[in-house]
Amino acid sequence: MTKKLHIKTWGCQMNEYDSSKMADLLNSTHGYTLTEQAEDADVLLLNTCSIREKAQEKVFALLGRWKKLKESNPDMIIGVGGCVASQEGAQIRQRASCVDIVFGPQTLHRLPEMINSVRGTRSPVVDVSFPEIEKFDRMPEPRADGPTAFVSIMEGCNKYCTFCVVPYTRGEEVSRPSDDILFEVAQLAAQGVREVNLLGQNVNAYRGETFDGGICSFAELLRLVAAIDGIDRIRFTTSHPIEFNDDIIDVYRDTPELVSFLHLPVQSGADRILTLMKRAHTALEYKAIIRKLLAARPNIQISSDFIIGFPGETQADFEQTMKLIGEINFDISYSFIYSARPGTPAADLPDDVSEDEKKQRLYILQDRINQQTTAWSRRKLGTVQRILVEGTSRKNVMELSGRTECNRVVNFEGSPEHIGKFVDVEITDVYANSLRGMLLRGEHQMALRTLETPASVIERTRKENELGVATWLP
């Protein structure tokens, strides 16, 4: 009988990536297959996020429902991972004794051993340590799921912004060796992946070791990934303005595979608030980065993050944020009302902005961002956009759906043979959350690179030692 695994994921793209790796790992070691139904699973895993308010309450509410499932199936194993697990540790079991495993973002690779231990001893396991880069060394080979894929290049953050829990839950910055990343990307490309999204809490701080003992910068890594045949689009998430240097901007100038869309969080447009947040840059310095980016890539679109109602934020501070939004002309962006995260420096500041004021400011900001986002979408009307076709449309299975460089969903009529490939589409309609277009040409009519397949690169460089363990020679 097939063993089933159910994973519930909350939070950022890094959590989504981690969950996919958990599924791959447990499939390779224990033969678990994923199920959408928690009641059908032998193992339930909750991958948590602690960024938002009441994160802990949300966790224990779900665990309360899972407890009932375990009462009817005592052999079921329940595990809690992610950032809430890293923060709370063994305290999770004090409130929810049904939990068998508590693991952090840096120990998910130990899940097979943890499950074996629970099965063998019926005793709970708690491991929220920070064994640095070890988790990447013990992951199975990547499995593509469509033409796009996430690839983690680093973990943690050293910036210690006063509102953020990441350094405390994921640890400080640790970069993967560049050759490991390139090999993973080549493996994904060999499986049909055309677009990769490089992941990290602060990707532009990447400093990975090379095969000869040197250090690879983020700008160098971007160019190396772009050189892999089959990879025609590169995105990255997320970056910090303080380390967005000229070398990275130069990549936008000379590497067309890097998309003309950038998510660069600013959080506030008021220097006083940026100082309280310990962001280490001013609004003027942020605008200088954008100015250089536009000089290198005039058609680039910028999205960002904003925190509303940070302790001490005045109406004048908020107006500075609104001014910055207008000056930059941000595209799709994310905004949140400030809520204190336990253990962060900002949690000790007086939360002196009323809830009504926070909500009013959030409404004003989101309304302005929505206006700008709509304007950006309308500019696409009548233009020809290159789309990476991801599959059939969610709303109409007779249509195909894909994304532009600027991350807009485009639906159009076309045959299934285009799935996983690029097409050129003329935009004919603009909607609130998507675009519609007419197919003009398929990939066979484009001049995309076909010099050497990723599979041939892997085969040519793959070596095995006397134990039969495969290695890759750069």
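Every residue, even glycine, has its Cβ placed from backbone N, Cα and C.
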Co-listed [4Fe-4S] cluster 1-binding residue [Swiss-Prot; alongside CYS12, CYS49] among CYS83, CYS98:
CYS83
Across all the protein chains here, work out how many other Cβ atoms are within 10 Å of the Cβ of CYS164 ([4Fe-4S] cluster 2 binding site).
21
Within a 10 Å radius of its Cβ, which of these binding-site residues (CYS49, CYS157) has the fewest neighbouring Cβ atoms?
CYS49
Nearest to CYS49 ([4Fe-4S] cluster 1 binding site) in three-dimensional space, by Cα, is which of the binding-site residues CYS157, CYS161, CYS164?
CYS164
If you count other Cβ atoms within 10 Å of each one's Cβ, which of the binding-site residues CYS12, CYS83, CYS161 has the most?
CYS83
Using the recorded [4Fe-4S] cluster 1 site (CYS12, CYS49, CYS83) as reference, state which further residues of the same chain have their Cβ within 8 Å of the centre of those residues' Cβ atoms, listed in sequence order.
TRP10, GLY11, MET14, ASN15, THR48, SER50, ILE51, GLY82, THR169
Hey, for the [4Fe-4S] cluster 2 site built from CYS157, CYS161, CYS164, who else sits with CB inside 8 A of the CB center?
LYS159, TYR160, PHE163, VAL165, VAL166, PRO167, GLN201
